[in-house]
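Working notes for the structure below.
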Number of protein chains: 2
Amino acid sequence: MFGEYINNTEDPKKYELWVPKIKAYRERLQEGVKPEYSLPDYSLPSEEELERGIDARALAAKCLTGEEIEITSSSATDLVQRMATGQLTAVEVLKAFAKTATVAHQLTNCAMELFIDEGMKRAEELDAYFAEHGETVGPLHGLPVSMKEHYAFKGKIAHAGYVGKLDNVSDEDLAIVRDLYNLGAVFYVRTTEPQMLMHLCSNNNITGKCRNPCNTLLTPGGSSSGEGAIAAMNGSAFGIGSDIGGSIRGPAAFCGVWGLRPTTKRISLAGVANPYDDQSPDVVYPTLGPIGRSADDLALCMKAVIDQNPWEKDPLVLPIPWKDVPEPEPKKLKIAICYDDGFVRPTPPVLRALKTAKSKFEAAGVEVVEWKPLDVQKIVYTCYVAYNFDQNYGQKARLALSGEPVVHLSQKHLSFGLGDGAVSGLEVQRLVNIRDKYRCIYMDKMNEMGIDYILTPAYVSVAAKPETITYWGYTCLWNILDFPNVSFPSGLSVLLEDRVDKSFKPRNEVEEYEYSLYTGPDDFVNAPIGLQLTGRRYTDESVIQAAKVLAEVMQDELTVTQRAVL
Amino acid sequence: MFGEYINNTEDPKKYELWVPKIKAYRERLQEGVKPEYSLPDYSLPSEEELERGIDARALAAKCLTGEEIEITSSSATDLVQRMATGQLTAVEVLKAFAKTATVAHQLTNCAMELFIDEGMKRAEELDAYFAEHGETVGPLHGLPVSMKEHYAFKGKIAHAGYVGKLDNVSDEDLAIVRDLYNLGAVFYVRTTEPQMLMHLCSNNNITGKCRNPCNTLLTPGGSSSGEGAIAAMNGSAFGIGSDIGGSIRGPAAFCGVWGLRPTTKRISLAGVANPYDDQSPDVVYPTLGPIGRSADDLALCMKAVIDQNPWEKDPLVLPIPWKDVPEPEPKKLKIAICYDDGFVRPTPPVLRALKTAKSKFEAAGVEVVEWKPLDVQKIVYTCYVAYNFDQNYGQKARLALSGEPVVHLSQKHLSFGLGDGAVSGLEVQRLVNIRDKYRCIYMDKMNEMGIDYILTPAYVSVAAKPETITYWGYTCLWNILDFPNVSFPSGLSVLLEDRVDKSFKPRNEVEEYEYSLYTGPDDFVNAPIGLQLTGRRYTDESVIQAAKVLAEVMQDELTVTQRAVL
């Protein structure tokens, strides 16, 4: 699964020159923490407390009024409707989210840039527009939307987690930013991501690690780390992440929120800063997608963006309109559940959630069958090779710009597949051939079984401790196959009964390592158990609706107290 | 533009073993020429006469009744409607097309397999079905459809122009064959293609060269050579070709018929025999598409195929339904005309057609602007490199199966781009990057100019003499950009006034060579001048309708006699 990576980009002397830029960047970030929106220093937990693991969600309430709690815990779908009917103003909404976002950052380090003043100016303009015209500027009018850092904002830096890109100021707002703005979104925060964007975790040399709000000992996942954390803290109405291996679904699952990795090429990538300015590694293609607090919010975002006909400006986007799809009746659903991908077995809490899902689904009339592993190791290996088939040229060139230290999971990622090893054009063609054949094999299997959806873990386990995860198979399988997924909260979190299965005999080293990361319930208190629902290519609309219904079925038996926590 | 190709696949000794298989294949083909459908030997022109250049279309009439002429010169759209209302039977229709197809083969060598008996059985079944149920089996009920050789038919050979694949008998009918069959098509002929499928011409070691029906001295183009020839001979209602560099548009333009190269991934490729069994070179992606005698027939075929929702069986097909688009009014059209791609200038007849187009369009109220060349040499070179980035591994491995001689244009093709030279994974990513950037640049340009269509030549010139063409820039530009095109007859053909411009100073060697292939009107009598209309990605429907209107405008002033010839 892993190749060889030659660590030759670090250059401590060169890096010294960049350290002041990092410092300045952090200071600007800190300046964004405005007293009126933040927890006072005295009520902040210490680093040691955070390191022991606390539930940051509960703390946030301390600086919020009841009305602000009501606003920030409302769905985007609800908020936008209330603003459109004059029940709420954009300024009222942003003021509430400015607090949750700021506190989220104070407790989890989820932001890379906080610019609430700019957002407030925009909110005021929107309110003025509404007052004058009696209508909204668009379907996202007044919604505070968070954005992962690596999208170009005019006049702002886009570094994609590379210290050497700290000078990279964008010339213009690009595609998704411009579109969301035109639709009425309010921008005020850009969220954190790991070095190189290629960890299922969050560490970088610019602003450091992000914490999981549910348990600050743990990682929020990655690479849309800050988006997962801010959503769990009700710090934005929804946010935009990106995903080429699990980067939306990991954080959503680990933080107990919703994330959609749409089929690729439905959302424009124009203006997304990535490691490959002059390279387009399209064997495994990235996509943007929403992270939020409800299924409806994912659909709201997607519909608004796709209704702009992005293909009229960007020929790389497919002209597939967004369809309004009704919620399926549970009794008409037939789904397959995958309890093990055949390569790395899920840990006890995840297995429990899958079994719970089965029994609850069946009780609700859903037909459930088992999804047997289908050459996962081969496909995931193909995906790992496809990540690095430029011999790591793009990523290493950008690391070398600053000579910055290569953090642990970047080192791991650079050893994926063949590492720095050469891949010939012929081999690239064979990777694509394997990819396309398995796209067909998986679809044939779904047709043969008569199912439209597959329920799987979003990762082997719940959120892990920082800087540990190396196996992305449960998510990146679907990136290379390009079947869309919704990562959603099962409503369950780790319980005392989720003890490590000591009798378990790992089948391989990857499984042994990854399984060992779950050390039992004590370290994983409150860790949400997210699941992943996968559908056929380009049926993103239906996957969202099916996940909505299945999540409702799973959460039916929650107690009132548990609901309140959610 | 050209690299180095190392000729190391030929093996005369091994090839000797394959010669009997070639002989048997040719005998089977000859057995398909049934006396009842063919011109008697005594009325066939000699090889010398064919080589001097005759109009084969006129000869065909000799063995047809007036009714058969009426049937075979009717559009597919018209025929299917008459069969659906009981005015014609499938057997009547096939009998007429059996004659035109057989004679087309006798005069041009356009077929690789003639199996009219099988077709007749199918036609009888369709008639029986219609008699019993009073309705058709589908929208293509009873249409005689020709198919390029390299699609899998159950129990038949699919060799893709490689001698070494003469044993490759398909296990099943695949996607397009099955779909067309289910829609009511009648199969009875499979058409010729060049060795390796990669010439804008037609020579292979199995059945040799195909001739252009309009002037048998000339090539019908390629690689869908037989489809171009059979369409010009009214030998099928329409046919299916394939195109990765001009293989539909070249033959359509050279033979004076219609061809659509749709945007890729709208038609399933499942079961297309190609040189790459375990390679998928998707930087430049191939597509299938119809070749026929009218714009309406292209739309009829596309709609029928796409209405089957091929994406439900093949996840590589995009779920973009076929739209019924009205014909645009000429006065609402704004198009750009490209008179020169900046690298290889069109020859006098093509330039005359473009200028005629401009004046006729303007007279009809179409707004016409000029399309300036936009980095064509760079993009075409990128495309040439992308064809061979497996270092010719796939094609050479298949040539080596039989050790067959590498025909002239195969040698040329194997030297495209970097020839046998190594291309690294990083370089592949850069090819894709150039491709995707130019997709955006071209669309931006169209948006900036406010145009939806670009009219260009389909090739530098009219049909050339066999085994000469090496520059595909006017067509392959659009393959790598993946903008859809319709190649259509301008209604014009070479005239005495189309003299060589002796004052022309070539700008480069490619232009000098390619321009030299047009030696003046005497050798090119009757050669049709085809043009190519290009639109935005995925607007195939609109491109067909716009081309229909523009072709009507161009042909408005034709004399009654000229119309009769068309």
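Count begins at 1; order follows the chain as displayed.
Each residue, glycine too, has its Cβ placed from N, Cα and C.
Features of the protein shown, as given by TrEMBL:
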type     : residues                                                   : note
DOMAIN   : A:92-543                                                   : domain 'Amidase'
ACT_SITE : A:Lys148                                                   : active site, charge relay system
BINDING  : A:Leu197, A:Ser223, A:Ile244, A:Gly245, A:Gly246, A:Ser247 : substrate binding site
ACT_SITE : A:Ser223                                                   : active site, charge relay system
ACT_SITE : A:Ser247                                                   : active site, acyl-ester intermediate
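Within 8 Å of the centroid of the Cβ atoms of A:Leu197, A:Ser223, A:Ile244, A:Gly245, A:Gly246, A:Ser247, where the record puts substrate, the same chain has further Cβ atoms from A:Met198, A:His199, A:Leu200, A:Gly222, A:Ser224, A:Ser242, A:Asp243, A:Ile248, A:Gly250, A:Pro286, A:Trp472.
Listed binding-site residues near A:Lys148 (active site, charge relay system): none (candidates A:Ile244, A:Gly245, A:Gly246, A:Ser247; Cα-Cα distance within 10 Å). When Cβ atoms from all protein chains are considered, those within 10 Å of A:Gly246 (substrate binding site) total 33, not counting its own. The average pLDDT computed over the domain 'Amidase' (A:92-543) stands at 96. Counting every protein chain shown, 25 other Cβ atoms lie within 10 Å of the Cβ of A:Ile244 (substrate binding site). Within 10 Å of the C-beta atom of A:Leu197 (substrate binding site) sit 27 other C-beta atoms, taking all shown protein chains into account. The Cβ of A:Ser247 (substrate binding site) lies under 8 Å from the Cβ of A:Leu197, A:Leu200, A:Gly222, A:Ser223, A:Ser224, A:Gly241, each on the same chain and at least six residues away in sequence. Listed in sequence order, the residues of the same chain lying 6 or more apart from A:Gly245 (substrate binding site) and placing their CB within less than 8 Å of its CB are A:Met198, A:Leu200, A:Val284, A:Cys383, A:Tyr387, A:Trp472, A:Thr475, A:Cys476, A:Asn479.
Using a 10 Å Cβ-Cβ cutoff, A:Ser223 (substrate binding site) registers 35 neighbours.
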